[in-house]
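A quick write-up on the structure given underneath.
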Amino acid sequence: MRLLRTEDYAIEEFAYDDVPEYAILSHRWAKEELTLQDVQGRIFNKQGFNKIQGCCLRAQADKLRYAWVDTCCIDKTSSAELSEAINSMYLWYYKAKRCYAYLADVLYPKASVERSEWFTRGWTLQELLAPSEVYFLDKNWTDLGTRTSLQQTVSRCTGIPPSILSGERGLETVSIAQRMSWAARRETSRVEDGAYCLMGMFGINMPLIYGEGQRAFFRLQEEIMKMSDDHSLFAWESSDARGGLLASSPAAFSGSSQVMQFNPFDTPKSPLTVSSRGVYVDLRFIGCGKQGLGMAILHCKDRGGEDKKPLAIYLRDTSMTMERFIRVRCDKVARLDTTKFRPSQYPIRRLYIHTQRITLTRNADDTGQQDVSDQLYSVDKIRELMDFTNPTALLRAAELGQLDAVWMLLTRRDVDINLRRSDGHTALSLAVENHKGAIVKALLARNDVKTRLESEGGWDLLTLAVASGDVNIVKQLLHSDKVHVNSKGKQGKTALHYAVLSGSVALVKLLLENGLDVEETDASGRRPLHHAVEKGQEAIVRLLVDEGGADIEAEDRTLLTPLLCAIRNGNATIVEFLLRKGAGVEGKGDWYKAPLAYALDGDSDAIVELLVDKGAKRDWRRSGLCPVLRRKWLSRKSSS
């Protein structure tokens, strides 16, 4: 640490554990301030020397041999030293024996102390708070009083409570929002300094990145969240919503001077978790409007306000699944009257709230502010949607596709999401059956939803979705990790069976990509390939064999192979494909007939020729041909 010798203005350096007593100067920068290089070069012909001289003379009068002045005790040509100094500055002011606040624009007794621009600057806030005492001096270095003696005056112009100024209470007793409010109307020459000048007041150390602009204030808030669970950090109001959950500048806290920490629910607060795009926080949440609009209840209130009216911020559930929220209506913090609601309406939830980064944009609307006033429900409407008197309200809303109603009901703690109707349907199965994809998504997002409940008729959720042909819902079920993909529905059929029977190539492909077993059999022992061949679905047959690796020799309970099914149906194209893939021409079918027998019985010359070309045997006894089919064969040969 560099210090200035007060008797001769020489610079000395000291190790941090060997620093002598010193005075420290708090002031507004003016023209021609002396730099470190000026003092080391003994260049004192600048206007700034008068200030240095006045500080040193006052320090000598207070029997202090050393003084610290930011203009000449920091090498500002070194970015590393500047960063270290700014991170240490609160501590340096805290340890100073005397702190002189030089009010160059005050001349006692003509001007009032509280009108000094010193009280409007960002850096002077920590310089006012950190020292054990602050001595105010006018332009001529005349004593104006101390922070303690002038505490009422200083409190009026700064908003800082007298008990803080007098040292009766420490900064840790004041909410983050209230501390931020003290900086709300202060200014700095550089945007980044609006954040950097507050680091000491919150006990934060972080790198300085000049050029990052307002991102510096986001970084400061993120660092605060890592060491504090004070929800008042979110109790700001501003039309500038570019920061998402976080304020874009201290000015957003101008109305937060009376915000205090308060836990109305007597529940422990969990740590905030900061990620690159948002914040995980446990908050009580209540639905209050359309399209996923709700309020997160903060553990804070207005000083002197009612205990039953905690502060709340407006959030929107962007996916209607309670998984990702954004802050909306950022220009208003609500005072929620909890006496108008049941506790089950605002359960505690783990919320992931998006934080944004300010980026350059040419859009006219840079704020991202959303007007949601027309989307807010009245208290009576909320009660109607919550429908406490009807335990089946969720079932009906899901069946009818009433997404807002479903979402509102899911915000309750006491709704049974797995309640079954008399026919076995749950809210989820009704949504699946009725093609309500958005509601399926909302229900699947719940950790407690049960997906293996079967509805009447033997359907399971995945087979029900596939049978209805809803690709979007099938995707949701497959991607949810909550559905057993090879579970069976009616007649023992899997979802892949139903996809094949529906003739949907897209569904079959989707199911194969998600690992459904092509060898699962239904109640008749048939695999999906049997059904595809039976239905003459050439594209699906190719898909099952080429991409699914289906066994082309698999037999059902009557010993029919896919080849025999194709021959029996007279589908030469599929027969040719299966033969090309290696299907055996001597396979067995029901009554132990050979493929050639099926072909002759079906009077398909093309298929007979395909089989013969592949080496189908004509040994009547071994091939199992009956006399009638033998005569058909001989007739074909003689005519050819």
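Even glycines carry a Cβ here, placed using N, Cα and C.
TrEMBL entries are annotated by machine, without manual review.
In the predicted structure, the domain 'Heterokaryon incompatibility' (22-104) carries a mean pLDDT of 96. Under the heading domain 'Heterokaryon incompatibility', TrEMBL lists 22-104.
The domain 'DUF8212' annotation in TrEMBL covers 215-262.
Here the repeat 'ANK' (491-523) has Cβ contacts under 8 Å with residues 458, 462-463, 465-467, 469, 471, 474-475, 478, 485, 529, 531-532, 535, 537, 539-540, 543-544, 547-551, 554, 556 of the same chain, all six or more residues outside its ends. Under the heading repeat 'ANK', TrEMBL lists 491-523 (among others).
What TrEMBL records for 524-548 (among others) is repeat 'ANK'. Long-range contacts of the repeat 'ANK' (524-548) within the same chain, counting only residues at least 6 positions beyond its ends with a Cβ under 8 Å from a Cβ of the stretch, are 491, 494, 496-497, 499-501, 503, 505, 508-509, 512, 518, 554-558, 560, 562, 565-566, 569, 571, 573-574, 577-578, 581.
Within its own chain, the repeat 'ANK' (558-590) has Cβ neighbours under 8 Å at 525, 529-530, 533-534, 536, 538, 541-542, 545, 550, 552, 596, 598-599, 602, 604, 606-607, 610-611, 614-617, 623, counting only residues six or more beyond its boundaries. Taken from TrEMBL, the feature repeat 'ANK' applies to 558-590 (among others).
Residue counts for the repeat 'ANK' (558-590) under DSSP (helix as H, G, I; strand as E, B; rest coil) come to 17 helix, 0 strand, 16 coil. For the domain 'Heterokaryon incompatibility' (22-104), the DSSP-based tally of helix, strand and coil residues reads 40 helix, 12 strand, 31 coil.
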